[in-house]
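Report on the structure given below.
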Amino acid sequence: SSSVMNISEHLSCPLGFGHYNAVDICILETVVIVLLTFLIIAGNLTVIFVFHCAPLLHHYTTSYFIQTMAYADLFVGVSCLVPTLSLLHYSTGVHESLTCQVFGYIISVLKSVSMACLACISVDRYLAITKPLSYNQLVTPCRLRICIILIWIYSCVIFLPSFFGWGKPGYHGDIFEWCATSWLTNAYFTGFIVCLLYAPAAFVICFTYFHIFKICRQHTKEINDRRARFPSHEVDAAGDTGHSPDRRYAMVLFRITSVFYVLWLPYIIYFLLESFRVLENPALSFLTTWLAISNSFCNCVIYSLSNSVFRLGLRRLSETICSSCMCLKDRDVRDPKPRKRANSCSI
């Protein structure tokens, strides 16, 4: 049909081995982008509402970073409305270069914020376990807010050179034709991003979680030895109130971090290979990009499945919404609104 032809004209179809095959793939790309946009926005709005409605979640200092990630992921979903609306409304290509640059910059900054927040979360848990007595003096709400502000500033600054013609900030899977054909990656800029963002964040996360689980394993071994030597309820109580909650919460955050890097690793590898002109494949470009962007929705799922306090807050929020809807329905049933009669005065 003519509408399908219009969609195919404005998409960079990766596997166009023929006209009909290209049209089918363009429609599939559109469905993937629209679905991800909806899931990311809905999931992160739910996380934000639950954090505002569940006071127990604010007892964790990492809630500052979790909420920052939720806002960043929400903005990722909102930013994805640009290609979504472009596809559904058959973009004419006006100011396509500027739209492409701004969209790529925003997506890169937002994912940089998520990556930096994950690194800060790992440092926070490391301090909580290694320095439990001085933790409250080291990690204060004021310092956390300053850290979050610095994360946003750093993420915004590190990708600014892309506006001055020094490489592509890292967005692939190009929806706009100008992005795919005229905006090329640069090996030096890619190395700059890897050295100042990807590598430090990965190193910090690996270092902190390695020591966190090493300390927790040693602590568990000490508790088991005490139980073997002095089998009493006092030892059990002392062991249960030790690092067990910190370890469980660290496991939740470790799952979020692991899924983040599992989904982003193919994207980073392709980013490096394309920058050094080793591999250029539009299909891999699209798949790795939107696989990485799907992480903005996966964070919501992991946190809701792993954290019992979050699940409790989500259940209370759902019950409140359902009860308010039922109250409105019952009130309408009890007090039906009278129908207006068309008389001369009303006319």
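Glycine residues also receive a Cβ, built from the backbone N, Cα and C atoms like all the rest.
Here's what TrEMBL has on this protein:
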DOMAIN    43-303  domain 'G-protein coupled receptors family 1 profile'
TRANSMEM  31-57  transmembrane segment
TRANSMEM  69-90  transmembrane segment
TRANSMEM  102-123  transmembrane segment
TRANSMEM  144-167  transmembrane segment
TRANSMEM  187-212  transmembrane segment
TRANSMEM  252-273  transmembrane segment
TRANSMEM  285-306  transmembrane segment
Task: Take every residue in the domain 'G-protein coupled receptors family 1 profile' (43-303), average their pLDDT values, and give the whole-number result.
output: 80
Field: Tertiary contacts of the transmembrane segment (285-306) (same chain, 6+ residues out, Cβ under 8 Å)
entry: 12, 14, 29, 32-33, 36, 39-40, 43-44, 46-47, 66, 69-70, 73, 76-77, 80, 107, 111, 114, 171-174, 251-252, 255-256, 259-260, 263-264, 266-267, 269-270, 274, 314
Same-chain residues near the transmembrane segment (187-212), Cβ under 8 Å, at least 6 residues beyond its ends: 112, 115-116, 118-119, 122-123, 125-126, 129-130, 158-159, 161-162, 166-170, 247, 250, 254, 257, 261, 268, 271-272, 275-277
Other parts of the chain folded back onto the transmembrane segment (252-273), taken as Cβ under 8 Å at six or more residues beyond its ends: 62, 111, 114-115, 118, 121-122, 125, 170, 172, 185, 190, 194, 198, 202, 205, 209, 213, 279, 284-285, 287-289, 291-292, 294-295, 298-299, 302-303, 306-307
